[in-house]
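Worksheet: one structure, shown below.
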Amino acid sequence: MSKIWIIIKREYLTRVKKKSFILTTLLLPLFFVAMMVVPALVMSSGDSGKVAVVDESGLFEGKLSDEGDVHYKFVQADIDTFKNSYLSQGYTGLLHIPKMDVTRPPSIIYYSRGQMGISLKSSMEKKVENIIEDKRMELAGIDKSKLEDIRVDIDIVNLAGKEGRKGSALQAYAIGWGSGFLIYIILLVFGMMVMRGVMEEKMNRIAEVVISSVKPFQLMMGKIIGIACVGLTQFLIWIVLIVGLYWITVLMIGPEMLSNNAMANSPSMAANSDATKQAVAEMVRSVGSVNWPFIIFCFVFYFLGGYLFYAALFAAVGSLVNEDPNDAQSLTFPITLPVIISIIIMMSAVAKPNSAVAVWGSIIPFSSPIVMMARIPYGVPGTVPYWQLGLSMVLLIAGFIGTTWVAAKIYRTGILLYGKKVTLKEVGKWLVRKS
Amino acid sequence: MNSLAPLGRTCNLTSSINVMNVLDLQHLKKHYATHKAVDDISFSIPKGSIFGLLGPNGAGKTTLLRMITGIFYPDAGEIFFDGKKFDPREDVQYIGYMPEERGLYKKMKVGEQVLYLAQLKGLGRKDAQNKIDYWFNKFDITTWANKKIEELSKGMQQKVQFISTVMHHPKLLILDEPFSGLDPINSKLIQDEIFEMAKNGTTIIFSTHRMEQVEEICDHIVLVNKGRKILDGPVKQIKQDFKQHLFYISLEQQPNPAQMATHHFSIVQNHDKAYTVKLNEFSQTNDILSHFIHHGIQVNYFREILPTINEVFISQVRMTDMAN
């Protein structure tokens, strides 16, 4: 027992102390936060100040309201001369609205020194559109207040399960997709890490030295557990850093900017930002309604279960690879294939959590770590009955004990076998052979 | 001839378990699908001896060593270690094994690497650190401790490997081709270390193809071929057993052919004023000398020619190969 602990410690420390580990662990959250913050900064910069409006149509006078740091000032001037001098008069931009027939509006031109930001463009477009729409309604004889009365906004509230937990399909979709995909990445990245570790030991010929001190099984499990700890450490640091950095940026540049930016990113969403705001509010409300501890428990269970299930197989493959690293590619294919099939099932399960493929995919241990996580956010026991969850978990535990047993048999022979290309038939014989 | 061997211990070949033996192998078998790697091999290794395990490539030496180190289980037969039935889980900490195909973690620092391997042998951290200091001082490599293995030359890596094999002070040390890749100076360093450890009671199994080293180092050998033991005994004894009764004699003057005719010996090879002669059956060594004395020919130099282990090895391997 203490020997396996020494192995775990080495596997863990050598990886955690690597420069590449430290870099990816620290840079990824920075990159993540930068992805959210930089566009917000870019978008808001340069779009503040006074905007001169030359309105030749006379429809807009006094109707363009200021927004944020943008102030509209109506100017009586000749556009051909003014467009050369607006900058020197302290304006940051010039909006030229030509004479128009409201049934066929012409294009409107905005002069500025630099590129116009997306958020300013969409907010200006919306203002001008609203005013033209009002004018058209007036011409068509439609009473604006009546139109407001006719408009409806229906919200379907979904009460799922016996307790009538208020759920959101969108949110279940997002959580299911996110956690399924994360487990998929974990299985492949850390599975490959296990395989490369085993290959290193075999090719460096250190395996025989170590195995004269410990059992092959201890060496294999020590590596698998050590790398699992590396994975958990990395995710823990990421979560802490992402949450921490997010709050630091929110405090520094203000939350409106981030959320404004999120909406302005898509002009169509900005156009009906009221609806978007409502959806966001709905999201925020229902975040509290998700059973987070349960979902996190399931995530950790399926992450570990799935990792152990596949890591042992990757270790076995690593032990079969000889001098030629290209062997690894063809040998890993039988293992990566079910993982890839799982992610395909997951994509459909997350939209139709009760389809036959989704149900069976979430029970069979080859795919359950990825597929089950797509279904769980839809509700237990509402969408996933207890028996399915229980069966899936028991099978996954049985599954990884099984793969570990099989892998240990392959590993102990493979790790000491040099120079020979191994056929599947031989591997089959190792499984049947005693000790 | 065998002056470098530290102990002239005579070795009796008992198949019973003897407390004087550190290792007793009884009827070991290990069969693979296609061939019998080890087929009914028994021998004993006395405490404190330097024991040569010899055999051509593919003879089953590595399989045998892997069974002794607990890496493989025998299909049949028993191993007794230090008088008790061999228990790999317990006993591996008393064994040091340097396989022929050896290696170290390339990216690990020398100090950490040796510490890790020592801890796997059951040494406590502090104890291991003390021993590392001792050995690094002894081999004059304290400055390497923070270097990565990949920064070292092959010979330097070999030294580190040797230290990590002997650090836990094993009762049984198994060295498979320990001198490959070492320059003469480092070879000597390791060789002296092997003698000193044997003197202090460590038993050493030494597997190699270099027969001149076997004569220099081992006091006892076992020869295996095709999974079977074909020879077992003390080096001196084996040389006696396989001697061809050849003698080398150097004379003051060239004798005429008549002076060489005798029923005591026949000439095998004629050198300049010297002969290699084969003693005939029923004759004694002294009969050769008295023959020349009788003819009044001055003898300058006279010695028995014993077979080298290399010659014994080749003839015995050829013989068993032919028998198959």
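Even glycines carry a Cβ here, placed using N, Cα and C.
All TrEMBL annotations are machine predictions without curation.
As recorded in TrEMBL, the features of this protein are as follows:
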DOMAIN    A:19-408  domain 'ABC-2 type transporter transmembrane'
TRANSMEM  A:21-42  transmembrane segment
TRANSMEM  A:174-195  transmembrane segment
TRANSMEM  A:224-248  transmembrane segment
TRANSMEM  A:294-321  transmembrane segment
TRANSMEM  A:333-351  transmembrane segment
TRANSMEM  A:357-374  transmembrane segment
TRANSMEM  A:386-408  transmembrane segment
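Long-range contacts of the transmembrane segment (A:333-351) within the same chain, counting only residues at least 6 positions beyond its ends with a Cβ under 8 Å from a Cβ of the stretch, are 173, 176-177, 180-181, 184, 187-188, 191, 310, 313-314, 317, 357-358, 361-362, 366-367, 369-371, 373-375. Count of Cβ pairs under 8 Å against the transmembrane segment (A:174-195): among A:21-42, A:224-248, A:294-321, A:357-374, A:386-408, the largest is for A:294-321. Fewer than three CB pairs closer than 8 A are found between the transmembrane segment (A:386-408) and the transmembrane segment (A:224-248), and contact between the two stretches is not assigned (pairs 6 or more residues apart). Comparing A:21-42, A:224-248, A:294-321 for CB pairs under 8 angstroms to the transmembrane segment (A:357-374), the maximum falls on A:294-321. For the transmembrane segment (A:294-321), same-chain residues at least 6 beyond its ends with a Cβ under 8 Å from one of its own Cβ atoms are 175, 179, 182-183, 186-187, 190-192, 194-199, 202, 220, 223-224, 227-228, 231, 327-328, 331-332, 335, 339, 365-366, 368-370, 372-373, 376-377, 380, 393, 396-397, 399-400, 403-404, 406-408, 410-411, 413-415, 422, 427.
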